[in-house]
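Presented below is the structure to which this report refers.
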Amino acid sequence: MIVLVNNRDSFVWNLAEYASLFDRVKVVPNTITVGELRRLDPDGVIISPGPGHPLERREVGNSPEIVLEAGVPILGVCLGHQIIATAFGGKVGRVKPRHGKASPVKHDGKGVLRGIKNPLTAGRYHSLAVLEVPREFDVSAVSLDDNVVMGIRHRKLPIEGLQFHPESVLTEWERKEGLRIIKNFVEMSRNG
């Protein structure tokens, strides 16, 4: 089962729909505790997009603790990606707003990006981005039009973040590349 932590974004249900094609999905509020989450015994956790700043507790709930303590594979999308970065000591700041914009994204073809078109046209909906990557992470993807970090991956733990939205129609819809990214995460979660 995949647990999707809901940070109150309109894209939450698109992510849930994508993931449900490959496994059972339970959507939970971001106020769920790590203990409550562990009792659900998920194979993996998706930290959803949402409005606001990753350091604003009222907007992200217990998402940072989940990232650090859940002990299962984690994928963060947009705000979820930023939460991963800040939870591990990275910095997030303002960038030129990219709401409803598609950008070419070059990636390393590993992890959730395995087998994905490169460069990938990806849907972006953000005005914040990771400016300093935590030292335990590698940059896995970068936008080619403005050189913004679009993906990070922990060097040892199964934790990845994507600034772009794989569930957006702007992300290679015809080729189903966003769907493949979510499938890769579900498979990675099942395999531990």
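Just so you know, glycine gets a Cβ as well, placed from its N, Cα and C.
Look at Swiss-Prot and you will find Cys78 tagged as active site, nucleophile, backed by sequence analysis. Residues or ranges marked as active site, for GATase activity in Swiss-Prot (evidence: sequence analysis): His165, Glu167. Sequence annotations record features per position, and here Swiss-Prot assigns L-glutamine binding site to Gly50, Pro51, Gly52, Gln82, Ser127, Leu128 based on similarity to another entry. Here Swiss-Prot flags 1-192 as domain 'Glutamine amidotransferase type-1'.
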Checklist entry - Which number gives the other C-beta atoms within 10 angstroms of the C-beta of His165 (active site, for GATase activity), all protein chains shown included? => result 23
Item to check | Among Cys78, His165, Glu167, which are recorded as active-site residues, the nearest neighbour of Gly52 (L-glutamine binding site) by Cα | outcome: Cys78
Next on the checklist: Name the residue among the recorded positions Cys78, Leu128 whose Cβ has the smallest number of other Cβ atoms within 10 Å.
Outcome noted: Leu128
Checklist entry - Apart from Gly50, Pro51, Gly52, Gln82, Ser127, Leu128, which residues in this chain have a Cβ no more than 8 Å from the mean position of the Cβ atoms of those residues at the L-glutamine site? => result Pro49, His53, Pro54, Glu59, Cys78, Leu79, His126
Checklist entry - Of all the Cα pairs drawn from Gly50, Pro51, Gly52, Gln82, Ser127, Leu128, the residues the record ties to L-glutamine, which distance is largest, in Å? => result 12
Next on the checklist: Check the DSSP secondary structure of Ser127 (L-glutamine binding site), expressed as helix, strand or coil.
Outcome noted: strand
Checklist outcome for this item: A 10 Å Cα radius around Leu128 (L-glutamine binding site) captures, of the active-site residues Cys78, His165, Glu167, exactly Cys78
Item to check | Of the active-site residues listed as Cys78, His165, Glu167, the one whose CA lies nearest the CA of Ser127 (L-glutamine binding site) | outcome: Cys78
